[in-house]
Each structure stands twice: as C-alpha cells, then as structure tokens.
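Data first, discussion second: the structure below is written as structure tokens.
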Number of protein chains: 2
Amino acid sequence: MADTTEGTEAADRLESALTSRIDPGTLDEIAGLARQVPRAEIARLVHTSTPLQSAMLFRVLTKEEALDVFEDLPPAYQAELIGNLREPEVADIVEGLDPDDRAELFGELPASVASRLMKGLTPDERSMTSAVLGYPKSAIGRYMSPEVLGIHEDWTAAQAMEVVRARIDGPETVYLLPVVGPGRVLRGVVSLRNLLAADEDTVIEDMVRDSLSTHALTDREEASREFLSHRLIAMPVTDQEERLVGILTMDDVLDIVDEEDAEDLARGSGTEPLDRSYLWSTIIHLVKSRIVWLLVLAVSAILTVQVLEVYEDRLDQVVILALFIPLLTGTGGNTGNQAATTVTRALAVGEVRVRDLGRVIWRELRVGAVLGSVLGALGFVIAGLVYGWAIGLVIGLTLLSVCIMAATVGGLMPIIAKKVGADPAVFSNPFISTFCDATGLIIYFTIATTVLGLS
Amino acid sequence: MADTTEGTEAADRLESALTSRIDPGTLDEIAGLARQVPRAEIARLVHTSTPLQSAMLFRVLTKEEALDVFEDLPPAYQAELIGNLREPEVADIVEGLDPDDRAELFGELPASVASRLMKGLTPDERSMTSAVLGYPKSAIGRYMSPEVLGIHEDWTAAQAMEVVRARIDGPETVYLLPVVGPGRVLRGVVSLRNLLAADEDTVIEDMVRDSLSTHALTDREEASREFLSHRLIAMPVTDQEERLVGILTMDDVLDIVDEEDAEDLARGSGTEPLDRSYLWSTIIHLVKSRIVWLLVLAVSAILTVQVLEVYEDRLDQVVILALFIPLLTGTGGNTGNQAATTVTRALAVGEVRVRDLGRVIWRELRVGAVLGSVLGALGFVIAGLVYGWAIGLVIGLTLLSVCIMAATVGGLMPIIAKKVGADPAVFSNPFISTFCDATGLIIYFTIATTVLGLS
C-alpha cells in the first residue's frame, strides 16, 4: 500500500476520473489509480459514487481487494453494490472489451459476490450478468446455474437433508450436491441418494466423494464433452481458487452440444449454421449461410483452371486425357474426405491427439496405398481395355498416387487445423476436395507426360 | 379352445414335435399345435419337458396364454421356467429368426415375466436375454434397464419413500419413479424431489404427473432423440398394453446417440464406422471401412467419363473447355452438399418432414438461383476477361444452371432417401457429388455447344 499523502492525492484523482465518462480508456486509468488508494478510501468511494461509478470502481479491483472491500461494506451497502453491478451499462462496458483486455483489466469476482450477483435472475438477465463476471461467451461460466446448493463438509447427513428439504422447491438441482469447505472451496460431491442412504449422524466429510469439476473459464464445448463422456448428472464449477461458483446440469450441457454439433455439421459442408429452423429461414438467410463459403471455394478452384492451363498443350495432343478429369478429381476428393472425417472424429472423441501427427500420416499413407492399389488395378484394366494399355497405365498409376496423396492430406489437415487453433470441421471436407483436385491434376499430367512421352 | 378329444390328440402331437430338434421350422408347427391344446395340458407340458423344450413351448404362446400359463404354475416352477428362458439356446433360436417372422411367431412376453426374466443380469446377459423377449437389436427394449422401481398409485408418499429407501442401494434409478396402476399399467411419474417435498399422507395418485414414455419395440434412435430433445432424466418403457417393463436412463441414451452419430458421420463421408478406436484399428480394418464406398463411387464416376466421351469432338474443337471442368463440377458438388447437409439436419431434428418435399424443392430452386446468379456473374466477368466473352458467357450460364440443379438435387435426395426408408446420411454427400458431376457436364457442354455454335 502507498503512503498516506500520495494515497490521498491519488484518491482525489481517482474521484475525478470516476466522474468523467467511463469508457475502456478511462477504465485503465481508474484501475491504475485504484491500486494506489487505501482500501478504506475505496470502500468509501464505492458507496458514495453514482451506481455506475461505484460498480465500475469495484469491478477494476483485483479479486482479493474486491473481497476485502465487499466484506467491509455494511450488508445494506453490499446489496446495493450487487444491484449496481447488475446495471445494464456495466455489462455493456465489460462486454465491449476484448476478451484479452478484459481478462487483464478485470479479474474474476470473489465467489461470494459472484453467486449473490447471479441469484434469482432469469436466463436472459443471467447471460447479461455473467458478462460482468468476466466470462467470455465461449466460457462454461456463462452457461452454468449459479444457484447451487453447497453442502458444508462439517454438517451431518441430517442437517444436509434439512437444507435440501428447505430448498426443495427452488430452482437448484438437488440430486448431486457439491460439498464445500471453509471459503466455499470445493471438496467433492454427495448424491441425494447417498444422503438418503446414510445414517443421520454421519458427517458429510466422511461420505464426500471426488467429483470431476471444471473452472468457470473453461471452454464451453470442452467442459460439456467431458461432462457427457463421464456420464455425469451434474458437475460443480469453480473459480481459479477452486471456490464453488455454480453447477452445470444436463440441460445446459445438451443445449451447448446441440449448438456445437449443428455448427460442426454445417461447417463441415461449407455452410454457416442457421439461427432459425430451415422452413422458417428466408431465402436470403439461406443464401447468406452458404454464399461466402461457396465463393471462397470457387475462387480456390480457380487454381485447378490454372493448373490445367499449364497442361493445355498436352490436352490438345491427347484430348482423351480430359475424359478422366472428373473421375480422378472425384476419387481424390472422396479418399481425402474419408480420411478427414475419420481423423476429425478421432480428434473430437480424444482417440487421436495433435502429437500423434506422425502416426496418423504413416497409417494414412499405407491405407491410401492399399486403396490406391485396388482402384489403380481396376482403372488400369478397364481404361486399358477401352482406350489402350498406355492410357490404362496412366489412369492406373494416377489413381494409385492420388489415393496415397489424398488419404495423407485428409488425415493431416484436421490435425494441423487443431494445432493452429482452427475448427477441424471448417478446415476439412470442402477444402480438402479443392486441394486434392489441384494436386491430383498435377500428378495426372506429370504421369501422362512421362508415360505417353508428351512434351 | 378346441374340444377334448381333438385337444388330447393335438397334445400328443405337440409332445412329439417338442421332442424333435427345435429349429425355426418346427417352431411354426409347435405354435400351431399349441393353439389347439387346453391350457392346463400346456402348463403340464411346460413343467415336465426338458428345459429347452419347456422354454420354447412357453415362448410360442400368445401373450395372454403365456400369462395364464405362468400364473397357473406354482412359484417354484415359475422360477424354473424363468431360468429355462435364460438358456443360451433359447436366445440363439429366437435371435436366429428374421425380425418379421419373430414378431409374427412370438408375441411379447407378459410384463411380469419379462421383468423377472431380466432381473439381476449383467449388461451382456441382458442383451442376450432381451433377444428372448422378442426385441430386435434396433428396439429400445434392448437398451432399457429392466430393473425399475414402480410406485403404486394408491401408496402414500411415506410408503413410497419407504420403498425408495429400502432399495436405495440397488441399481435402479430413484430420481424419477414411474407410477403404476393395477396390472403394472403406467400412470405417469413422480420425481424423488416431489416425493421429498410432499406431505407424508399425500396419495401418489394425487401427485403423479404425465410423462413421456415409449414402447419397448420403438426404434432405439427415435426413443433416444425424443428423450434428449425433451431434456428428460429418465423415461418409462412399456409394452404394447402400456404395462411398465423398464426404464431408460441418460447413460443408455448417450451410448445409443454416440453410436448413431458416429455412424451418420462416417456414412456421410462414405466410410463405415470403425468398431474400435482409430489408432487401434489395423490398416486392413481402415481399408475395409472405406474400400466398398470408394469403389461404388469410382464406378459411378465412370458415368462422367462416358458423358465426356459423348462431347469429345467438342473438346477437340475448343480444348479450353476442359480447363473449367474441375471448377464447374467442384462448385456443383459443393452447392449440392450444402443443401443436402442442411436438409438432412432439418430432417433429423424434425424441422422438415417427408411431405414438405415440394416446399423444400421450391426453396432450394430459389436459393440455387440466387447463389448461381452471384457465382455466374463473377464467372462471366473473370472468364470473359481472360478467355474472351463467349467463353465467359458459357461459364457464367453454366455456373447459374449448375447451382440451381445442384441445390435442388441436394435438397431432394435426403427426403427421397428417408421416404424409401434409407439412411439420409448414406444417400447424401458423395453420391450427390457424383450425380452433380455428370449432370453438370451435360449442362456445360449443352450450353457450350449452343453459345459457341459447335456441332
């Protein structure tokens, strides 16, 4: 803490900064000044400023400072501060920051403040309020139920049952109950079933069992997939200090997963997910969901025109070569998509990790070689019988090479996408097709030039 | 019931049929004879024949007859019969029949027999035993938990709680409790929460609430999707007479949906789902999961070679036309896949039904027209600037037509697949690409022939 004279001076400057219009720029200044001002002074400012000012001032404190200030306030002022934090303007200002800046400027709020802030809100209000808590849209904290019944580890089973009964009509889930120690630190869970089965005098501490939990800032999809893959019925959510701030229930998780699945599926075929049902979407909506990807893909496909232009004179010499272009590019695209879909799924369910890249490439090389040998042999015979053995050889060798190339690229792309932090589904099928088309054509004409002795 | 002399004669023939080797053929005969034999006689045969014989005889009775016979047996014999029905041979014989024949020959078993038959089994035993119950692999009856705690509608809340407490350590779910009336007919559900909140003397009948339930023969995916979309925690399963036979819980549902999703995803890209994890599958396994589809698609793609062969002389005259083949077929495939994916999803979540076919075609026609206009205008300008305005016109018009055709076909295919009872995912993306490739080429060369005045 700074010395008193400096502190008073800073307090004056802080007060004047607060009275100016608050925007992300002044917030930085306020945060800097608040660090130099004694806590008692800040507490005074918090409950004498206008609602918006007091809320923003409180919001720029570090978690520890915020807890101290909050605990120093008389209960009536505490309630008022919670009310101020709920002001829509506070949400707007916090939401208006970049997630990075927000994380840097604002810490999490203390668990006790956070949970009181969220009590008794409608889902809409809650979504607004959780912005104030500093949770970005992708964080599970946005979706948890903050109204969680925390059982204390030193209660008896009978005391716990009494609390459950008293809140049996509330909105909280009661089938899985998080157990907390001093300072709301999560200790584990007890199920209502265990509680009913237990002897009345059993202390909760002796029946608590470990539970998977997640941090409020964890990515919403990651937390949801873990929830589902462990077949949980509820999962406690904590802040960075393992204090209980909420609970995730099955309906929250299913909403998230439905949305993510729809998004992945749409992206995998080059569309943006629709925000309303198909028959309710306007034509313009449907067009918008498709046009961007279609344009990007069509522009990428100009690559294939340019590749073919390079080989235009070979095509002119042996026009028969043109007949096989759709067959060869189609087969390449199919092989690539098969590999990409398999690997994308394996990544999603955790069977393959980014560091397995080498193993995946080696597998897909061999799978592609086997697939290519079968298709190539067939292509050699059929094309050979119809168009002569030289053409047969070109087609056979091209199918072999294209399958190896496409399977490898298809297996590689989703892992690279994941490595650079992109959504594997976006990167995958349509792009792989286009990439394999262009590469396949180069392979085709290189083989044709050599085998047929063109120049 | 037939008269006595005839009955006795039939009983003799029945007894001799039973002693021959039981296979699907003799089962038919046994079923026919059993209908002519008095019930008391059948009861006697059931508990004097060998285990396999008695079980098969019991199994060919109609549900009502089976219930009568079963209730006539002394408890010790009842237990023995249940044991006989669990013989692996019974499962084998029943499983060996076609699902249709099985449904015709064997009714469902009475709910009381079914639930005793399933008690205390491991999941493996249960899957074997549920074959005996007549549930095909795709029916939800195979996956439900038969160990369900049914609460009687005339119990009080206190009595119900006592039963719950007594079975609190059992494997049944206790958070949602099915309520049954006389004859185990399902009346609805009460949640453990409601039970805890209720006054001790409240009669269950007064607190029961309606619940979604499903029949044991319902398709497993359909039942699971309904479970999830209604955010249930458990769903009672009944036989055709609405008698409670089991309960479906979240873990059963998630297993089914995981499997179905993996299958749809794989099929959508032309692979068969893997039965083990990616890195554990052998190369041969991976090849097998892909080769069939790849071959089918490659053989279909021969169509494109044949189409191009028809236009070979036009290609010979204007070799530049060949340069655009991958761009045009690729764009057609992408547009078709976008529409197919959107409509497949809309079908899956119930936003679109088969009878909306006309509306879907009309929407996709217009969406395709808008997408085609944008891409066509762009193609006209770019190709026109580089290769001259005649070529530009051909490319622009082709892009417009291909987009309209592909969007319509893409929207149509999944609905037709569903109509003929095929999996929309199988029918969709790779096939649509191949189909659009061939059709797109015909459109392309028709337009080129006209615009460029070729012959």
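Each Cβ is built from the backbone N, Cα and C atoms, and glycine gets one as well.
The domain 'CBS' annotation in TrEMBL covers A:144-205 (among others).
Residues or ranges marked as domain 'CBS' by TrEMBL: A:207-263 (among others).
According to TrEMBL, the feature transmembrane segment maps to A:291-311 (among others).
Feature annotation from TrEMBL assigns transmembrane segment to A:365-387 (among others). Within the chain carrying the transmembrane segment (A:365-387), a Cβ under 8 angstroms from the stretch's Cβ atoms is held by residues 320, 324, 331, 335, 339, 393-408, all 6 or more beyond its ends.
Long-range Cβ contacts of the transmembrane segment (A:393-417) within its own chain (Cβ-Cβ under 8 Å, at least 6 residues beyond either end) map to 321, 324, 328, 331-333, 335-340, 342-344, 347, 352, 354, 356-357, 360-361, 363-365, 367-369, 371-373, 375-377, 379-380, 383-384, 423-424, 426-428, 431-432, 435-436, 439-440, 443-444, 447-448, 451-452. The transmembrane segment annotation in TrEMBL covers A:393-417 (among others).
Feature annotation from TrEMBL assigns transmembrane segment to A:429-454 (among others). With a cut-off of 8 Å between Cβ atoms, the residues of this chain six or more beyond the transmembrane segment (A:429-454) that come close are 268-270, 293, 297, 300-301, 303-304, 307-308, 310-311, 314, 317-318, 321, 324-325, 328-329, 332-333, 335-337, 340-341, 390, 393-394, 397-398, 401-402, 405-406, 409-410, 413.
Mean pLDDT for the domain 'CBS' (A:207-263) in the predicted structure: 89.
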